[in-house]
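Here's the structure we're looking at; comments come further down.
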């Protein structure tokens, strides 16, 4: 019993971690286009860019200081409470941004967005039932405005000092490690600090003055390489190019060019934030680069800014080009290997679970994950299952939060397409973690199949799991995510597939839709 209890507890923790990662992805992924646009502007038009332009370079600062944090805050608030949550979240985040204008408040936005969205949701739940008829617009607007007013001041007066304190602690910690000659360990603080946009505070507040003093005495300083090495970032992005999926994979190529050649390291930060375990990759990559340069006694005479391979090549002391390249390549290699393992690690256990579940189902006489049609036993039960579908789904929805993954999948017959009644289905939703990559491709593919089958009256869309509407009719998810989709939309029909782009269940679904809607 203890073993089973521990196993269920571990699975529960795993699902919570997965849900948290999904929430981070849903905040960051929709805004990657803004990151890339800003990255191009910064890489091309700044003083050390490819084509310096003083006028256009003025766009870079406001975009990273205001636009991107506000977009992230809006996304976080909207995930919790739709447009009202997003709008007030973005409004309140201005308090943190204005209080600390020299530091891009990405982390502050990721805190304020969901927090204010949740508060807006709770405010509406309290106010709306108590609103007199005819005063709905007045109460809605003023409740949102008052909450935005309060939380903006909260961000300015409370959260901003906390963020400033965190910055100070990181800076002091890095400086102490530098003075203690534990340079590779500096990466333990530097790399995570970079990801939350504290890189300028550490680089220019600590490394530049210390490096200038060191270079004045020794002719060069390794401190100029600690934060600016492009190796750890490009290692993560190459891992996404090879092992990533959907939008993350598609955008990693452009991000890699911007990061490695343009020196705009911030472009890879969202990719790490989407998978927090990748902090380990950039830390180990950074440590490798610092250790390599320490062994080779390599350093720059002046700061390497931006941290581009081009700037590194130009700044490398005469005769030490290979030393410079070695530090970058080894840092990138270690970061890539660890990132690849992490990306695969988050996938392999799920694959193993799916295979084990399929084997278990085959042993029990039920349909396996790769079967193209039902067994005779399942066929005999199909009619009875259809009749009992509504009762089963209702009973399961009432207890969805209390059941583990396997129980939910069994209760909802997620792998038995014939077990459901599709009379009233006119909308199919594909759902994945971020609601952009794999689900979008799956929806497009099924839309074409419906068109060829004469089912053009049925709408097919895609969304993130945590944005599934409560009144969803039919939801298609990958098997490892179906339990979360059920809890989000407990009254819907749920179908599990192993692969959005290649599943025999689509043909079964089309046949059932035609039969039930004739």
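Note that Cβ sites are derived from N, Cα and C of the backbone, with glycine treated the same way.
Considering the side of the membrane named for each residue in Swiss-Prot, residue 56 and residue 172 coincide. Counted with DSSP, the topological domain 'Extracellular' (302-321) comes out as 8 helix, 0 strand, 12 coil. The Cβ neighbour count for residue 432 (active site, phosphocysteine intermediate), using a 10 Å radius and every protein chain shown, is 27. Secondary structure by DSSP for the topological domain 'Cytoplasmic' (79-142): 53 helix, 0 strand, 11 coil. Between the transmembrane segment (174-194) and the transmembrane segment (143-164), the number of CB pairs under 8 angstroms, six or more residues apart, is fewer than three, so the stretches are not in contact.
Proximity of distant same-chain residues to the topological domain 'Extracellular' (54-57), defined by a Cβ-Cβ separation under 8 Å and at least 6 residues beyond the stretch ends, is recorded for 41-42, 44-47.
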